[in-house]
Each structure stands twice: as C-alpha cells, then as structure tokens.
Amino acid sequence: MDKLLIRGGRQLHGEVRISGAKNAALPELCAALLTAEAVTLQNVPRLQDVATMLTLVRNMGVGVERDDHGTVRLDASTLTSPEAPYELVKTMRASVLALGPLLARFGEATVSLPGGCAIGSRPVDQHIKGLTAMGAEILVEHGYMIARLPKGWKRLRGARIATDMVTVTGTENLLMAATLAEGETILENAAQEPEIPDLAEMLISMGAQIEGHGSSRIRIQGVDKLHGCTHQVVADRIEAGTFLCAVAAAGGDVLLRHGRADHLDAVIDKLREAGAQVQAVDGGIRVQAQGRLKAQSFRTTEYPGFPTDMQAQFMALNVIAEGTSTVTETIFENRFMHVNEMLRLGAKIQTDGKVAVIEGVDKLSGATVMATDLRASASLVIAGLVAEGETLVDRIYHLDRGYDQMEAKLRGIGAEIERVK
Ligand SMILES: CC(=O)N[C@H]1[C@@H](OP(=O)(O)OP(=O)(O)OC[C@H]2O[C@@H](n3ccc(=O)[nH]c3=O)[C@H](O)[C@@H]2O)O[C@H](CO)[C@@H](O)[C@@H]1O
Ligand SMILES: C=C(OP(=O)(O)O)C(=O)O
C-alpha cells in the first residue's frame, strides 16, 4: 500500500496549478447520462474517484474516451444497463448521483445504497424524498434503491421540493432529474456550493432551463430532451484551500494558478486573520506567510460558510499556531479522525462531540500516522510539512481519491515528499 514520506521544515515557493474540482466533475460525469448525444468535459482531474465514476458509467454501456490532458468524452447513446452496483458505490458515495439522471432519462434505475462512511452515516433519504415528490416509485430492497416511474408515465413530474437540510449531492441529483421532468420544479433550501452553479451551467448548455442556481431556490422548467455539450470543470476550491493552508503552515510564497479566491471567502478571511497574506491575482491566488501564525476558531457550515472539507487542513494550521482555538464541525458527526493522528505528531487537541479545542504548540515531531479519510489525509500531509524529522502518512489511497498528484505538486514548490511502497 502506498505511503507518503515527508521530511518537514521546508518553506514552499513557486507555482501550483489547481485542477478541476472533484465535486463538480463527479456530478457532471453523471449529467452526461441525461442525453444520447456526446458530452465533452474538460479540466477533469486525475483522481481515483473519477476513474471509479468512469468504470461505473462504462459498466452501464456508456462510451468513454479520455486523453492525457483532462478531456473526457462520454457517449451515453449506448447505455443499456441503468444500474450502479454495490462494489463501485461502496468506494465512492458520489455514485448515488447516477440515480436522478438515469431515472429521468430511462424511467428506471437501480442504485446501491451508499451506506455509512468514515466521516458519518450520510443517509440519502432526501434524494429519495425529492424524487418521490416528482412521482418516482422507489423501493429500498437488499441494499438497493430500485426506482421507476408509475405505470403509464413517460417522465418524472415537476414538484416543489424543500429538503429537510441543505444537501449538496441531494440538490444535484434533484436538479439533474428535474431537467427532463414534465413541468416546473422548484428546489427550496438548495445547496449553494460553487459546484452547483457549475453543474447548472453545464445543464443549461445541454438545453436545460434553470434559474436561481447559486441561490437557495432553484427553478427548473423541464424539457423533452437534452443535447450534447462541451463544458470546462470549475477549479477545485478545496484543493486550492488545502494548498493555502499548507503554505500558511510551512511559510513561503506560492501562486495557485486557476485558484478561485471568490469561492474561498470564509477560508481566506480566517487565513488573513491568522496573519497570512492572501490576494486574488490575475489567473489565481497568491499566498505569502512567514513565521508563526495566530490560531483561528471557526465552525463549519454550508456554503458560503466555512467548508467542512477544509476543517482538517485548517486544524493542522491551528495545531502549530500561536494561541488556543475552537473548531466546531456541524456537518458530519465523525469528522475528527485526524485528531488522534495529529496527537502522535505532538499536537494538543481535546475533542468533545462536535467541538475540538486546540492549544497551539511551537513544534511538531515527525511520526508514522494513518490517513482515515480524504481530507484527514491532507491535514496529515500539512502537519508533516511542518513537523521536525520524518513523517510517514500511511493509507494514502484516501488522498488519491480526491487530490490530483498532490505530492508532485508539493515537490514542485520545494517540499521534501515522496511516495513509497
Ligand atoms: C461528492 C460531493 O460533492 N461531496 C461533498 C458533498 O457530500 P454530500 O452531498 O454527501 O453531503 P450533504 O451536503 O448531502 O450532507 C450534508 C448533511 O446532510 C445529511 N444528509 C444529506 C442527504 C440526505 O439525504 N440526508 C441527510 O441526512 C448528511 O448526513 C450531512 O450531515 O457535500 C459535503 C458537504 O459540503 C462535502 O463534505 C462533500 O465533499
Ligand atoms: C467528503 C468528501 O467527499 P465525498 O463526498 O466524495 O466522500 C470530500 O471531498 O471531502
């Protein structure tokens, strides 16, 4: 199993190219299922999750062509089997995003329930509730959601849907399903994460009629048919945020090319308060930091609040910052698994339910640590960059799910980091 070996203590200088967003690319690959015409996605990141999604759609009979420059061409005219089996869904929860498009276009879909995962139980009841409101009959049996239209129906029917909580993939599934439904759908309490307007723009370029994306109320007029398109995946704000924290923690001066500062307001505000200089510049984000920063308290919330997907990485910064900080995780019930690993590096952290109290220490000492989920892995890499001596991060298959060549990018800006077996 691959591991990352890091020798800490090097500042970071230079330029990093931010890849396309995992959390935009995955729903957008599923959006290609909505049409029989070819869809071309550009700026698709090289990630294990993308590979899994391509395997999933290939298994359904979709034609997939991928080049080495981030372009993926999908042809779902040949789709024969609208199914997402457990073996693939269990490794990637985003497979549930196939449900809405399949049901909307074919009137049937069988998708494995994703089940719990390391960061929380993550049910999909709101996806089911929304599609049911659009007329779908969904049976949950033997671990599968078996969805179909009522007898005699040709399409889903538009509905007004208010989800019980803000859900990102729930909004995306319902948005995609609504594009081909009969009549109008209104999604209330919709998620506003930048990946949603990016998906909506793609759907609009396929002929969908959508308004209000990027706000909490999305209005969709269903159309009979969608056509092919070419769409560029938006830059990954979480990858950019991770590099911002890495530079803030290790010190240095780095340009994040293609990074979108306007998608990272909550994180950038905290970094500035901590003492880092962060500027939106032409073509990206520039971050500069020197010396020990000041710890910052924050709580995770839905966009535009502080993202849960940045909680662990910012905590790595707080661990070696000056002062005591409080981090409150409000989205997922089990997203502090990096804490025990950070303790092995010398951090001082106490957790009580959804709150972690971090007393900044002036140094960390390298150790072997184990990655437990995607962003926990990234936080351990950041901690390793500042720890004295060697840190070995085990189980980095989690990292490979969602970061495009992280170690090569870090090496490019001066980190001593290598992948070992
Ligand atoms: C592929 C993708 O885009 N993943 C992101 C997406 O995950 P994902 O879309 O799975 O996360 P949600 O926004 O749906 O989850 C928010 C909260 O709602 C709960 N919930 C959600 C749906 C549902 O039917 N029932 C329910 O109870 C979840 O358990 C969680 O507590 O948004 C999360 C929150 O920003 C991010 O951490 C993930 O990186
Ligand atoms: C939790 C995450 O992803 P996923 O929803 O794909 O598990 C993440 O990107 O941090």
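Glycine is treated like the rest: Cβ placed from N, Cα and C.
Here the structure is a predicted model, which means the values were calculated and not measured.
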Which of ASP75, ASP309, ASP352 belongs with ARG93, ARG122, PRO123, VAL124, ASP125, GLN126, ILE331 in the UDP-N-acetyl-alpha-D-glucosamine site listed by TrEMBL: ASP309
Secondary structure at CYS117 (active site, proton donor), reduced by DSSP to three states: strand
Cα-to-Cα gap, VAL124 (UDP-N-acetyl-alpha-D-glucosamine binding site) vs CYS117 (active site, proton donor), nearest whole Å: 12
Contacting recorded positions, sequence order - LYS22, CYS117, GLN126 vs ligand 1, Cβ under 6 Å: GLN126
Cα-to-Cα gap, ASP125 (UDP-N-acetyl-alpha-D-glucosamine binding site) vs CYS117 (active site, proton donor), nearest whole Å: 16
Cβ atoms near PRO123 (UDP-N-acetyl-alpha-D-glucosamine binding site) (within 10 Å, other residues, all chains): 13
DSSP-derived class (H/G/I helix, E/B strand, else coil) of ARG122 (UDP-N-acetyl-alpha-D-glucosamine binding site): coil
